[in-house]
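> Grabbed the feature section from Swiss-Prot, which reads as follows:
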BINDING   Lys11, Phe59, Arg87, Thr93, Arg104, Asn114  ATP binding site
ACT_SITE  His117  active site, pros-phosphohistidine intermediate
Amino acid sequence: MTLERTFSIVKPNAVAKNAIGAIYARFESAGLKIVAAKMVHLTREQAEGFYAEHRERPFFDGLVTFMTSGPIMVQVLEGNDAVRRNREIMGATNPESALAGTLRADYADSLTENAVHGSDSPASAEREIAYFFSADDICPRTR
């Protein structure tokens, strides 16, 4: 097992449902520690920058509009195989395909409003973490 960090977003629809605490409890019960977190309301420019890899995709404008529609929680999760574990907790991107008990099965409203985002690889995690957090913002958990 490899101790690693991953990046996570609780999206506007899940924040609006007051699901932050319930989602954080799922991370922690799966052995992931929250080592940085903050609430932000993305500007269009920030959302376009974060999702730049999807700029040419047909869903890009809708995604940016959704991600700027309300506040989000961004967090860094740390644990053994954090990227894989978080993706298991989240469930399939399309909530109709998500297994019962996953975050998307429980909190998503649609494919676009799918409640959470999580890095898909350690390299993506590193890039996404750096987009929102400086090294000084991250508090390694020693206890």
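Just so you know, glycine gets a Cβ as well, placed from its N, Cα and C.
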> Tally every other Cβ atom lying within 10 Å of the Cβ atom of His117 (active site, pros-phosphohistidine intermediate).
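Summing over all protein chains shown, His117 (active site, pros-phosphohistidine intermediate) has 20 other Cβ atoms within 10 Å.
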> What is the separation, in Å, between the Cα atoms of Arg87 (ATP binding site) and His117 (active site, pros-phosphohistidine intermediate)?
9
> About how far apart, in whole Å, are the alpha carbons (Cα) of Thr93 (ATP binding site) and the residue listed as 'active site, pros-phosphohistidine intermediate'?
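Between the alpha carbons of Thr93 (ATP binding site) and the residue listed as 'active site, pros-phosphohistidine intermediate' there are 9 Å.
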> Measuring Cα to Cα, how many angstrom lie between His117 (active site, pros-phosphohistidine intermediate) and Arg104 (ATP binding site)?
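It is 10 Å, counting Cα to Cα.
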> What's the most sparsely packed of the binding-site residues Lys11, Arg87, Arg104, counting other C-beta atoms within 10 A?
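Among the binding-site residues Lys11, Arg87, Arg104, the lowest count of other Cβ atoms within 10 Å belongs to Arg87.
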> Would you pick out, from the binding-site residues Thr93, Asn114, the residue whose Cβ has the largest number of other Cβ atoms within 10 Å?
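Output for this query is Asn114.
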> Going by DSSP, give the three-state secondary structure for His117 (active site, pros-phosphohistidine intermediate).
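In three-state terms, His117 (active site, pros-phosphohistidine intermediate) counts as strand.
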